Amino acid sequence: MPTPPPDALDASPQPVNRGNALLVLAVFVVASCGLAYELIAGALASYLLGDSILQFSSIIGAYLFAMGIGSWVSRYVADDALLARFVDLELLVGLFGGVSAAALFLLFALESAPFRLVLYALVTVIGVLVGMEIPLVMRMLHRRQAKFSDLVSRVLTFDYLGALAVSLLFPLVLAPRLGLVRTGFLFGLCNTAIAVWTLWHFRAELGLSARLRGAMAWRAGMVGAALLAGFAASDRLTHWSERALFGDEIIHAISSPYQRLVVTRWKDDLRLYINGNLQFSSRDEYRYHEALVLPALESVRGARRVLVLGGGDGLALRQILKYPQVEHVTLVDLDPRMTSLFSHAEALVALNQHAFSDPRVTVVNADAGQWLQTAADMFDVAIVDFPDPSNFSIGKLYSVPFYRLLSRHVADTGLVVIQATSPYFAPRSYWCVDATLKEAGYRTWPYHALVPSFGEWGFILAAPGRADFRPPTTYRVPTRFLDADTTHQMFSFAPDMPRPQVEPNRLNNQSLVRYFEEDWHGVLR
């Protein structure tokens, strides 16, 4: 008996045709959509719940586990029903995946809603459905393909290429330009398009009556129409959810590659939120920014060159520019959308008193750490006004290496001042910043101020060189909050704000991020 050639052992009875190539191309689309839903869920959870590392890790873990379940469940789909079930599957993936971001945004605005439960339920459902896609496509191709090894290599190649495409497009184009809600609907439409194409191209192979094919086409049309309507209404849906979340009129809402910026207004109160977290209220921000800026500039009386890291709203700039001896201010903020908004929006420009139009100001849109590594400039005062250290990407800007790098750009007689969270609500976070500065070689003078929007808020003055500091008793510029008595009180801590034992924040442990999460979890639970 002759031995068959090796390829014959790996063959199926159907010949190769053009439909196979189109199915392989469909793999590219469904892989892109599958990863997109995972990224949308992770980004949305990070935006709404904070702690991006935890949220992305848990979302990815749950999603991959659900995909594994879906792959196992796919074995129960009968061979003669593969095409029909694939069409149904794509419609379900498109529907659940497409509406996921909009549904979660709207749900989060309802205080009593079980947001986390619904989030992980949606992730699980979408993951199971996505996990079934590739096994079904491979089985369809195997019934039509001559060589199984070639089939596997082609399917996985296009699977990985689709994942690569969306992993690049999502952070660079889709999320910042379309937003999470519209991006979700877009990929839902892609899944629906695959369902419609399969239904039309393989209509003769479905093994269904004309009536059943018509019913499937009707379902596809309904899903597509719903997703198109959602895509068209994405901005309105996002506006409704954010209006319900923040409670006030939204006058600006911008998605950048780095963050979501929302500015609200209620009567004369303007508020800025970054990723859902309050950054200032115009009713009391002067307290925060006077406390942040003025003690340092009063102490370094000859300060001519000032560095601002963060502070893209221009409110710290407004305080600095009160001093006529200041000749140059360099502001380094990562997000150009932030500095552009506060340079051009009429109400916000009025709030920062046209600070960005002052010829003494230079704006650099760059990562602060990378800029410090390449810049050669020296400064008399450095104002560090970063967001709170709620994740590792921001936590590195509060680390020992970062403060050592910053010290190279501060004159020997210069001072650094840092916003350092709340010594009352987040004592370990606050004193961790102080310990980190000392570990980096600074002498420190911690202080705090009451900002009604935030509560008791903390700052730390620090000297990398031989500069000394005494709380000022007078101010050379107009103030609304600070005077001699207020300043003296700021540098005194009440017994209910004791200093706990903490370790410095290093890059290899990021202890500050852990302290911050634990401190605020205890306050907000």
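Glycine is treated like the rest: Cβ placed from N, Cα and C.
Checking the candidates Asp235, Asp284, Asp333, Asp388 against Swiss-Prot: the one annotated together with Gln259, Asp367, Ala368 at the S-methyl-5'-thioadenosine site is Asp333. The list of residues near the transmembrane segment (21-41) in space but at least 6 beyond its ends in sequence, with Cβ under 8 angstroms from a Cβ of it, reads 59-60, 63, 67, 90, 93-94, 97, 100-101, 104, 119, 122-123, 126-127, 130, 133-134, 137, 140-141, 154-155, 158-163, 165-167, 170, 174, 180, 183-184, 187-188, 190-191, 193-194, 197-198, 201. Taking every listed stretch (53-73, 89-109, 117-137) in turn, the largest tally of C-beta pairs under 8 A with the transmembrane segment (180-200) is reached by 89-109.
Under DSSP, Asp385 (active site, proton acceptor) is assigned to a strand (E or B) in the three-state scheme.
Note: the S-methyl-5'-thioadenosine site is recorded as Gln259, Asp333, Asp367, Ala368; in the same chain, Tyr258, Gly310, Gly312, Val332, Leu334, Asp335, Asn365, Ala366, Phe386 also have Cβ atoms within 8 Å of that site's Cβ centroid. Distance between Cα atoms for Ala368 (S-methyl-5'-thioadenosine binding site) and His289 (spermidine binding site): 20 Å, as a whole number.
Summarising model confidence by region, the region 'Spermidine synthase' (222-471) averages a pLDDT of 95. Within 10 Å of the Cβ of His289 (spermidine binding site) there are 25 other Cβ atoms, across all protein chains.
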